[in-house]
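Quick look at what Swiss-Prot lists:
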- Tyr59, Thr60, Arg61, Gly89, Ile90, Ser210, Ala211, Thr212: pyridoxal 5'-phosphate binding site (BINDING)
- Tyr114, Arg377: substrate binding site (BINDING)
- Lys213: N6-(pyridoxal phosphate)lysine (MOD_RES)
Amino acid sequence: MNRKELEKLGFASKQIHAGSIKNKYGALATPIYQTSTFAFDSAEQGGRRFALEEEGYIYTRLGNPTTTVVEEKLACLENGEACMSASSGIGAVTSCIWSIVNAGDHIVAGKTLYGCTFAFLNHGLSRFGVDVTFVDTRDPENVKKALKPNTKIVYLETPANPNMYLCDIAAVSKIAHAHNPECKVIVDNTYMTPYLQRPLDLGADVVLHSATKYLNGHGDVIAGFVVGKKEFIDQVRFVGVKDMTGSTLGPFEAYLIGRGMKTLDIRMEKHCANAQKVAEFLEKHPAVESIAFPGLKSFPQYELAKKQMKLCGAMIAFTVKGGLEAGKTLINSVKFATIAVSLGDAETLIQHPASMTHSPYTPEERAASDIAEGLVRLSVGLEDAEDIIADLKQALDKLVK
């Protein structure tokens, strides 16, 4: 099916059929083209492909039929023109940003971000003369005030990792483009997936994913994606990846992600249903000081969540009374949940940001980003919700005895 035909289909049909390729053997599953290079018919053909005058494969760092399948699938689901894969989520982030900025440029970013993204923006880019201003993106006016004549990127996570702050994508995109139509609004959509939120439809220019998480969904792949206009994705592919990061997704990993994405919608429905039940339990437990989950009416940005998200996801941030030591006690007391970083797996994962994912932050940076010492991040899995709740209850009860 061509792209126009696919666009008429529902989400579930797209996630199964988008990107599918026919092969001469009639294999139903996507073939794994485990090759580093591709043969040319002639020197002239090789020249045309390197000059981008002819479509076709050259070298797997630049593209591979198996990775093309999953790239086209995600582009279709995000309503983007094109997609570029990378060997990790941070590989997608760096390949994307390096293809845009030069020394002397400026970026506005949310003050609360995934730890490695923050480290790259705050510590890495400064070594190369790129200035980054971090703001609380819950209020679009903060973004507006931070914009400069040399601002090339507005970088957002919504919900933000780990404290679940939301950003009004449509409002920020309008502000950024009014300031400079060439300014790229980049949204990390890892927490939501295209099933729950589509930033391009809301005015953003670029969408990023760590496909390690929900897109793959089974905890056995490291991968990332960049989605946007074809012209920009070509720039990421032939500048950001080819010449700068070399962050290339292997064909076997691409195959696994494509397989995982065929069940994305039903997995996300279950994740979200479980998370709602778990959040409602946590909100009432006496050991919990505060909880951030967009599906709770007590969540400060509940109305924004309803406006730009289909469902509220499966990530929960909650702070336990007693600070750092209480957080450690809770983590060390769970028996059913798995203590691990990452998210979006079938298993429920629990972790302590201050000592794990956000260790690249200094204590002062964590405080400035509203990451409390007792904050716990929970990735609600696909198990029975009652079993997840029972485990959390026995662990939390130890904090109030």
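The backbone N, Cα and C atoms fix where each Cβ goes, glycine too.
Projection of Swiss-Prot feature records onto the structure.
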{"residue": "Tyr59", "record": "pyridoxal 5'-phosphate binding site", "Cβ within 10 Å": "15"}
{"residue": "Thr60", "record": "pyridoxal 5'-phosphate binding site", "Cβ within 10 Å": "20"}
{"residue": "Arg61", "record": "pyridoxal 5'-phosphate binding site", "Cβ within 10 Å": "15"}
{"residue": "Ile90", "record": "pyridoxal 5'-phosphate binding site", "Cβ within 10 Å": "22"}
{"residue": "Tyr114", "record": "substrate binding site", "Cβ within 10 Å": "22"}
{"residue": "Ser210", "record": "pyridoxal 5'-phosphate binding site", "Cβ within 10 Å": "30"}
{"residue": "Ala211", "record": "pyridoxal 5'-phosphate binding site", "Cβ within 10 Å": "30"}
{"residue": "Thr212", "record": "pyridoxal 5'-phosphate binding site", "Cβ within 10 Å": "24"}
{"residue": "Lys213", "record": "N6-(pyridoxal phosphate)lysine", "Cβ within 10 Å": "21"}
{"residue": "Arg377", "record": "substrate binding site", "Cβ within 10 Å": "24"}
(message) If I take the alpha carbons of Arg61 (pyridoxal 5'-phosphate binding site) and Arg377 (substrate binding site), what is the distance between them in whole Å?
(response) 35
(message) Is it possible to get the count of other C-beta atoms within 10 angstroms of the C-beta of Gly89 (pyridoxal 5'-phosphate binding site)?
(response) 24
(message) Can you tell me the CA-to-CA distance separating Ile90 (pyridoxal 5'-phosphate binding site) and Tyr114 (substrate binding site), as a whole number of Å?
(response) 10
(request) Could you check what DSSP calls Thr212 (pyridoxal 5'-phosphate binding site) once collapsed to helix, strand or coil? (result) coil
(request) Could you round the CA separation between Thr212 (pyridoxal 5'-phosphate binding site) and Tyr114 (substrate binding site) to a whole angstrom and send it over? (result) 14
(message) Checking the spread of the pyridoxal 5'-phosphate site as listed (Tyr59, Thr60, Arg61, Gly89, Ile90, Ser210, Ala211, Thr212): what is the longest Cα-Cα distance, in whole Å?
(response) 24
(message) Of Thr60, Gly89, Ala211, Lys213, which is closest to Tyr114 (substrate binding site) if I measure between C-alpha atoms? They're all recorded positions.
(response) Gly89
(message) I'm trying to understand the geometry here, so how far is the Cα atom of Ser210 (pyridoxal 5'-phosphate binding site) from the Cα atom of Arg377 (substrate binding site), in Å to the nearest whole number?
(response) 17
(request) Fill in the CA-CA distance, Ala211 (pyridoxal 5'-phosphate binding site) to Arg377 (substrate binding site), as an integer in Å. (result) 19
